[in-house]
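Quick notes on the structure that follows.
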């Protein structure tokens, strides 16, 4: 399976491209600010056709280019209904500093939006089966996307957005955030995964569930 990613924009949100192999359909996860140029190069180099845009949550650094990517390639954008409103109001609750960053920018919904309203659902996109788990805490509509046996050595992967990072967890002091919900989501939806599961977060380096279980200071004493 082809998996690649890059940090997009001033807030360095990780945008990911996932495809069964070159020359097939692709899934785009969290296309952030200015992602289109790098995305086009990856798509052209590997002869990929976007089949879907997946959003882990609605904050601006993760959805900035979603409408442009979705409408340019004629593919749907998938988002949890609790965060859908942020497609047109992506700075909701983020404060004046972020508002200054996007001064003058205009956001609208993609022409095709699909709501991820069933926790634990599985969808087939471009020949790839994606499992969706609702993980409220960072936002009410945060989700993680799991793909089984995705790596070259058949390890599972999980796109965690801003729920879980290398040695950190998502912030919960923004509108819609809840520390209690975040920890419950991590325990119930992430710490139940195999230690070998590769974590592809919304910011920073990749890691594994096992490494975070052992070394993440915010998860000390948590288990299921």
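We count from 1, first residue shown onward.
Backbone N, Cα and C define each Cβ position, glycine as well.
Feature list (source: Swiss-Prot):
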BINDING   57, 59, 138, 162  Zn(2+) 1 binding site
BINDING   61, 62, 162, 203  Zn(2+) 2 binding site
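Sequence-distant contacts of residue 59 (Zn(2+) 1 binding site), defined as residues of its own chain at least six apart whose C-beta falls under 8 angstroms from its C-beta, comprise 86, 90, 94, 139, 162, 174. Distance between Cα atoms for residue 62 (Zn(2+) 2 binding site) and residue 138 (Zn(2+) 1 binding site): 13 Å, as a whole number. Shown in sequence order, 56, 58, 62, 139, 142, 161, 163, 170, 202 are the same-chain residues outside 57, 59, 138, 162 whose Cβ sits within 8 Å of the Cβ centre of the Zn(2+) 1 site. Put simply, residue 203 (Zn(2+) 2 binding site) is 14 Å from residue 138 (Zn(2+) 1 binding site) when counted between their Cα atoms. Compute the center of the Cβ atoms of 61, 62, 162, 203, which mark the site for Zn(2+) 2; besides them, the chain residues with Cβ within 8 Å of that center are 11, 13, 14, 30, 32, 56, 57, 59, 161, 202. Taking only the Cα positions, the spacing between residue 203 (Zn(2+) 2 binding site) and residue 57 (Zn(2+) 1 binding site) is 13 angstrom.
When Cβ neighbours within 10 Å are tallied across all protein chains shown, the highest count among the binding-site residues 57, 62, 138, 203 belongs to 62. Of the listed binding-site residues, namely 61, 162, the sparsest CB environment within 10 A is found at 61. When secondary structure is read from DSSP and collapsed to three states, residue 57 (Zn(2+) 1 binding site) falls in the coil class. In three-state terms derived from DSSP, residue 203 (Zn(2+) 2 binding site) belongs to neither a helical nor a strand segment and is classed as coil.
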